[in-house]
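Undergrad: My structure is below; once you've seen it, I'll send some questions.
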Amino acid sequence: MMLLKRCTFLRVLLGRGGGERKVPALMEGTMTNDVHPVEEEKHMVANGGVEDVYGEDRATEDQLITPWTVSVASGSTLLRDPRHNKGLAFTDNERDAHYLRGLLPPVNMTQELQEKKLMHNLRQYKVPLQRYMAMMDLQERNERLFYKLLIDNVEELLPVVYTPTVGEACQKYGSIFRRPQGLYISLKEKGKILEVLKNWPERNIQVIVVTDGERILGLGDLGCQGMGIPVGKLSLYTALGGLRPSACLPITIDVGTNNEELLNDEFYIGLRQKRARGQEYAELLDEFMTAVKQCYGEKVLIQFEDFANHNAFELLAKYSPTHLVFNDDIQGTASVVLAGLIAALKLVGGALADHTFLFLGAGEAGTGIAELIALEISKQTKAPLEKTRKKIWLVDSKGLIVSSRKESLQHFKKPWAHEHEPVKGLLDAVKAIKPTVLIGSSGVGKTFTKDVVEAMASFNKKPLILALSNPTSQSECTAEEAYTWSQGRAIFASGSPFDPVEYNGKIFVPGQANNAYIFPGFGLGLIISGAIRVHDDMLLAASEALAAQVEQENFDEGLIYPPFSNIRKISANIAAKVAAKAYELGVASRLPRPKDLVRYAESCMYSPLYRSYR
């Protein structure tokens, strides 16, 4: 009876003008296809195209909405609801209608003035972690202002809400923890995971970012405190890719930690036990994946984040055939790096197949990038994958991966074991292989030494050097080192941001091979098409779409990635290409296909502008 009243109430309150806008309050799937196809095509851009319960899409900016929770929010309840709170931006009429008189000072501020004030306050903090905490506080009290701030100041605030600052936040998560921002599923919840998912207040979940905290950035096992990663990633899904906050769910799976420092920390917020392995771990993950599909449907995107190598590859292989899954460390990193390489060809010349690639690091990121490069070369040259892989060499902790080591290698390293005499160190590998591209994904800082960079510069006019490990302290080399040691000839990009470098009177602007270029637009493309599976061709399409966004003025500065200031436009173009590929492959379920996918993607993007309340 309660649910019936709520649905009826919403149909009346969310109508526009005198008409009735039928919006189901509770939706189990990520999208519905109940509307007649002709009517759907007619209105899909005007209304955002995807069910929009809270009036969050850009296409619904001008519609009046009612701030409801279980009932219409008013008074102090409204001020404490981050989704609907506008602070001092409530108008006089809204203050009268929603019982806010006297609960706020009399001034009426615009959202722009609130943004200006907050940016001024943030810039007063000298410690990055303090900025991070201030941003998290804002997100918890005024959601739209948080995203407005992040979208309008993305280049300044991206390092605050994500890498490198989020790494420190995860290390200290127990100390700075204030209120939960996602779901915690531990071994205590085994057998009850479906019930736990139902405790989350939203039903229309479109994307889940989940971690078990075992390999957080380059910082290792942070256990339950790895929650900062799903929270940060989903903030970027909304700010950069336009997914609605209400459709995002961060989850940490707590199976213990092997980090002794955390186990002995009185403020640690997770299970105080060693990590579960084997069957116990597999059963918990299997129950989780089954429950997610049961609770949120076939089209919910599950993004695996910062799992250790042995679990990351296994989980991706196991669930790719049955779920819509994506591993950002393996696939997202690969896609953004491939985009940079495709763009860099305009600076270094030749085709992708003309280059030789050497990786330091043969884990999730390294092997994922290598495989996607091989796939792209295969696609361009029509050569078999086994042949294109031979252009790519990997170095791990034991040296160059060669065929004589094949028996002792982990399964994901075996395709990269080529015929060559054993080589121990990176410098010797560089001298032996003579690569044109050097890529670091080792998670170990300062490994691209002066000798390594100088060797790269000795046989390359423009050596392409990508130091991808995060956070900044773990980067294989700095931008200044790369430019100085190569005498200003290197084309450089990194995983974490570096400031511009002056060398011999010339300013070099280092690029950032940040996964945030790819995963928000990639996820949006999957969702707007109603994709039910991820295919490698979608990753290639995303890479090509990103590379196409690099302008000549960017190349003139030595950049191989476009500026983040255009990230929403970039994400819309990536989403359109990914969605087009989903339709082409026959895995898209949202029909009919929109005629203009870029425009459709933009109309479905979350808008942080304040709404006017009845």
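Including glycine, each Cβ sits where the backbone N, Cα and C put it.
TrEMBL annotations: computationally assigned, not manually curated.
So TrEMBL lists these for the protein:
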type	residues	note
DOMAIN	139-320	domain 'Malic enzyme N-terminal'
ACT_SITE	Tyr162	active site, proton donor
ACT_SITE	Lys233	active site, proton acceptor
BINDING	Glu305, Asp306, Asp329	divalent metal cation binding site
DOMAIN	330-583	domain 'Malic enzyme NAD-binding'
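Map the listed features onto the structure and describe their local environment.
TA: When pLDDT is averaged over the domain 'Malic enzyme N-terminal' (139-320), the result is 94.
There are 26 other CB atoms within 10 A of the CB of Tyr162 (active site, proton donor), with all protein chains counted.
In sequence order, Tyr162, Val209, Pro250, Gln303, Glu305, Asp328, Phe519 constitute the residues six or more apart from Lys233 (active site, proton acceptor) in its chain with CB-CB distances below 8 Å.
Its own atom aside, the Cβ of Asp329 (divalent metal cation binding site) has 23 Cβ atoms within 10 angstroms in the protein chains shown.
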Undergrad: Among Glu305, Asp306, all listed as binding-site residues, which has the most CB atoms within 10 Å of its CB?
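TA: Highest number of other Cβ atoms within 10 Å: Glu305.
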Undergrad: Determine which residues of this chain, when Glu305, Asp306, Asp329 are set aside, have a Cβ within 8 Å of the centroid of the divalent metal cation site's Cβ atoms, and list them as they appear in the sequence.
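TA: Close Cβ neighbours, site residues excluded: Thr211, Arg215, Ile216, Ile229, Phe304, Phe307, Ala312, Asn327, Asp328, Glu364.
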